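Trainee: Can you keep this structure in mind? I'll have questions shortly.
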Amino acid sequence: MAISKKAGAKKAGAVSKPPPSKGASSKGGVAKADWREGFKKAQAGVSDMTLLSKVTNEAINDNLQKRFQNAEIYTYIGNVLISVNPFRDLGIYTEDILQSYRGKNRLEMTPHVFAIAEGAYYNMNAYKENQCVIISGESGAGKTEAAKRIMQYIAAVSGGSNSGIQDVKDMVLATNPLLESFGCAKTLRNNNSSRHGKYLEIMFNAHGEPIGANITNYLLEKNRVVQQIHDERNFHIFYQFTKAATATHRENYGIQGPEAYAYTANSQCLDVNGIDDHADFRETISAMNTIGLTADEQDNIFRMIAAILWIGNVQYVENQEGNAEISDPGVPDFVAYLLEVDAGNVTKALTQRIMETQRGGRRGSVYEVPLNPTQAAAARDALAKAIYNNMFDWIVERINQSMNPRTQSSNVIGVLDIYGFEIFDNNSFEQLCINYVNEKLQQIFIELTLKKEQEEYAYEQIQWTPIKYFNNKIVCDLIEEKRPPGIFSALNDACATAHADPTAADNSFIQRTGMLSSNPHFDSRGTKFLIKHYAGDVMYNVQGMTDKNKDSLLKDILDLVDSSTNSYLQKLFPDRPDPNSKKRPPTAGDRIKASANALVENLMRAQPSYIRTIKPNQNKSPTEYDSQAILHQIKYLGLQENIRVRRAGFAYRNTFEKMVERFYLLSPNTSYAGEYTWQGDARSGCERILTDTGIAREEWQMGVTKAFIKNPETLFALETMRDRYWHNMAMRIQRAYRNYLRYKEECARRIQRMWKNNKEGLQYIQLRDYGHQVLAGRKERRRFSLLGLRRFMGDYLDVGGANGKGGGSAEGQMLRQATGMAAGEAVAFSSRAQLLVSRLGRSSVRSPRFLILTDKAVYILVTQLVNKQVSTTCERRINLGAISAVGLSNLRDDWLVLNVNNAEEADPILHCYFKTELVTHLLQRTNGAINVIVSNSLEYSKKKGKKAQITFRKDETVQKDDVYKSSAVSVCSGEPANSVSRPAPKKKPGLVRPITQGKLLRAGGPSNANNKPKPRAIPRSTPTPAKLPGSGAAGTARPAAAVGSASAGAGVGATRSAPRPPPPPPAAVAPSEPQVARYKALYVFATENAGEMALDKDDVVEVTQKDETGSGWWLVKKNGVEGWAPSNYLELIVQAAPKPKAAPAPPVKRAAPVAPSATTASQRPAVAAKPAFGGAAAGVVQPKPVVKTTPAGGKPHERAAAVQADAAAAPVSVMPGLGAPGGFAAVLAKKKAENAAAAAAAGAGANGKGAGAPPAVAAKPVVAPKPAGSNGRAMPPPPPRR
């Protein structure tokens, strides 16, 4: 069932806001705060009985009593409203209170009938589903009042400014006083008891505006027209008309006071406290005018009322023959005047009965049979009841005609106001019909709130605890079933078999009820029978039941009506049964059964809201609370079971399709800019929406076809988010546009500042933070490890060079050569370290080593003096797959142990200042396969099969570093284990400060990391030629003339017919054509790799692009085909300057630049000193990281090969549009790239001196790896594994 909506938002189509209070200030219309607001009325009991700590009937009764005594008559059970009749005006239906419930969900306000109306109206608009409000309870519990308040609220909030819609609203409200006057009466239990049932359907257009209405009438208690018990009254209209009729009506229709008529005076109750018949009559006339009844129609209605009153005054006496005789002949004469018939016909119809005999289907003799006084009184009353009943039906039909919608309706809201359950001392056919309809309504409540709900949970496979309840279907079947025959069927059979004699028919019915004795809810007791209804046991009197069930007029009465000249009276009796028809006319029981089933069908097609009314006492006292009577009502209304189902169940459910359609805006995975983007099925989309909105998993369940939400608060939150979506989108657009206009210059400055400050080391910081995660707070830290400027630079010895695969500094190249690693092996980490070396018979000592980590192995290099020469050799190579664990102590020392599987040698014990960084790179290269052990005692293999331990202890006497002695390391206390790196020191702020406080832009670039742009490719345009190093200032070679340019120009000129223009004057010198640099291959370069250019010795090629990052590869062009070739295989062909075209003097050849000698150490580009612990080396340069991309065929989750220094690499792009080739970043990087390019050109020149004989194979230059990507840069490194 649909539940109402979001919190706080007003609805579209709102008429207007309520006017400000009297205390509103003149400034902006804001009401002044009132101290009284802090003293709110104390709440009695709980407003929602699902919150009761103990769910029993007695606890429910106690809670209702507390609230009733505190003038709080409304209480919730979930979305069901419980209303206790206060029998007084509490002042809670004013316009201000009505407006306070507008646009609010039921949890925001105290319980009220207006909240139910608001929920129904909102759900109709939001979900485009028909709604109905079912009001049930016993007579006098306040059902009619609740229905009036529902209509009052809907008319007030439903919007619509044109006159047609306002007319519909006025007519809907006018139906209440009009139908109350004709359909309600004062009873012992209720001063305004509905003696009929009505179902009002208000029809709305697509905008939620009322465009029409329709009323369905159910079973008017017409017997009340002629008979009432003591201290009850006839229908209100009789007292209103007799007391307040105009002089014209009194004169024309002979109207006197109510005491003058038998039908109004016999019960001896002419006046009622709290009822003003004069005022009510004026309201009735106003309602007639609003509905659109003409003056003639109103006169005819009052004429029929007067006729009924005068018919009641026809009194009988018994003549000598024992037949009925009218005591006052003037009365039937006046009745004849009012009905516009012959007076003799009236007398005959009221004292005689015409009987016809038939033989073989033919008409026989006609007899006039006189009636005795009892029979005559029955005929008189039958005429009065028929006129009033048909007139009431005509009024309802006339109302529907006036409210008939002029356009097509989209949805309806139905309000059911029907007579309550009745138990009297003498219960007859009317009570049977009324209680039957109430049983049907109770069955609907059970079907929708108890039975159907539990069946739906089972079908949808929802976790659920079954609740026991009483299903009254067995009682409904007892009354309405045909097979086995129920009470209505037994009545029909009795009427058919003994139709002439009512007493014989009643006896036949008593005999037939014996067949129902097997039903446990039925008990036959002579001339009476008992039915155990859901609301209690009722004893019914059989006498007169069959006659009331036939509900047929005598032929004499119908003939009298037919003879009338009043057209209105003719309209009241449109259909006359065909006497020749063999089909049995429908009985009253048939009609009420058909009406009840049609009502149930209509209600089942709508989404119901429930109002359960309770009568607090039988005396209509505003202060009396009859606990026993209310406890009985609580039980038969099933409030306890309703609370249990509500507490255990789900407040809202809907199909996946409708759920997605309603709430897809709330998830970025299912919508974009208001468009539905989900590609999966509706179930997965629904689940995604509920997950993305942050709803706790226990708050919802997914069924087979529907999604279930447990609490209404969750649904209200969803509705609130949905209502705010478009509002937030509009605000975001407005805010973004204002920010663009107001802060675009500041944004540019912030981007520049951020880029300058962070371009160098963002990735190094990320790697450093991952190192903290690796230690996981298990090891004390050194103070220098936590410095804000500390970065994990990786290749401190520059073994990997610019791309991590060679070409670094001289020392780095020497170390790489010493390891013997393959050309494509990328270096991730290199540093100086110390290895613990054991000595025979003495304690082990630390010995200096070089430590290199690649994507394949760990290399330990040692420098020794061999034959009086310093030699660096690879002491040990350990494959990464062989390392099982890395051991670290929990103190601040710098020792680590590499545990190697199945090694013949001892596990290396290393002392390295960058131990955390080394472990971090190890984990990245092995995808976290290496176990990191942190302990104060580390185990290692001293040799194969022999284990040893090295222990660590604190010693505050050790002032610096740590001390090793006899398998024990002593070290002082360090920083706490949970320490993290300190923030980098802030630079001194510039003179220009932003005008904002830093809230406009978020630090660190875009908020969504997924939106980070990919590096752009460098366009393949010919770069500016790099300067060549020489002994002095570097000179720039003049470009040679393009091959074939002259002939091409001649060819073009030859095709023209115009004469050649005259030559230029001799003094002018024409500019030379641009030359293309040509290079000659010094060696054979054989390759089959895609994108590479195979070269033979002495091949001449053109260089179209030189990689400025120093990777050693150039893009060359040979015979129109481009490809990559190593730059150290090429030599520049120096060409003489071409002869100027217009110069008369012979050309002057420019001498080729002097070939440089072999590059000496002084001529090499300066290499920054390697960082040493403690700052021993000065001028530490922080290089930029270049990470190797995943090779073809590699594992997709394999970590990047290395993060090493590269002074020539382009900056890493951290903001959109920066760091691209040719941009600001390229200008910054150009200076750093010049040295690498110059070194490559110098090497080519040196090789040119002896090109006649290629060097030995061993002397052939090593081919550098190709640039990664078209711009020579690799993709950014993946985030560290967490």
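Quick reminder: no glycine exception, Cβ is built from N, Cα and C everywhere.
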Trainee: So which range, 41-86, 133-178, 685-730, 1237-1282, gets flagged region 'Disordered' in Swiss-Prot?
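Mentor: The range carrying the region 'Disordered' annotation in Swiss-Prot is 1237-1282.
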Trainee: Do any residues at least six apart in sequence from A141 (ATP binding site), in the same chain, have a Cβ closer than 8 Å to its Cβ, and if so which, in order?
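Mentor: Sequence-distant Cβ neighbours: S83, N85, G420, T613, I614, K615, Q633.
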Trainee: Taking every residue in the region 'Actin-binding' (412-494), what is their average pLDDT?
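Mentor: Summarising the region 'Actin-binding' (412-494) by its mean pLDDT gives 86.
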Trainee: Across all chains shown, how many C-beta atoms besides its own are within 10 angstroms of the C-beta of G142 (ATP binding site)?
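Mentor: The answer is 25 other Cβ atoms.
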Trainee: Could you tell me which of these recorded positions, S139, T144, S365, has the greatest number of Cβ atoms within 10 Å of its own Cβ?
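Mentor: The most densely surrounded of these recorded positions is T144.
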Trainee: Could you give the number of helix, strand and coil residues in the domain 'IQ 1' (727-747) as assigned by DSSP?
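Mentor: Going by DSSP assignments, the domain 'IQ 1' (727-747) contains 21 helix, 0 strand, 0 coil.
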Trainee: I'm trying to understand the geometry here, so how far is the Cα atom of S365 (phosphoserine) from the Cα atom of E138 (ATP binding site), in Å to the nearest whole number?
Mentor: 52
Trainee: Please spell out the DSSP helix, strand and coil residue counts for the region 'Actin-binding' (412-494).
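Mentor: The counts are 47 helix, 7 strand, 29 coil.
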Trainee: For the recorded ATP site formed by G137, E138, S139, G140, A141, G142, K143, T144, name the remaining residues of the chain with Cβ within 8 Å of the site's Cβ center, in chain order.
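Mentor: Result: N85, N190, S193, G420, T613, K615.
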Trainee: Looking at the binding-site residues G137, E138, G140, K143, which sits with the largest number of other Cβ atoms within 10 Å of its Cβ?
Mentor: K143
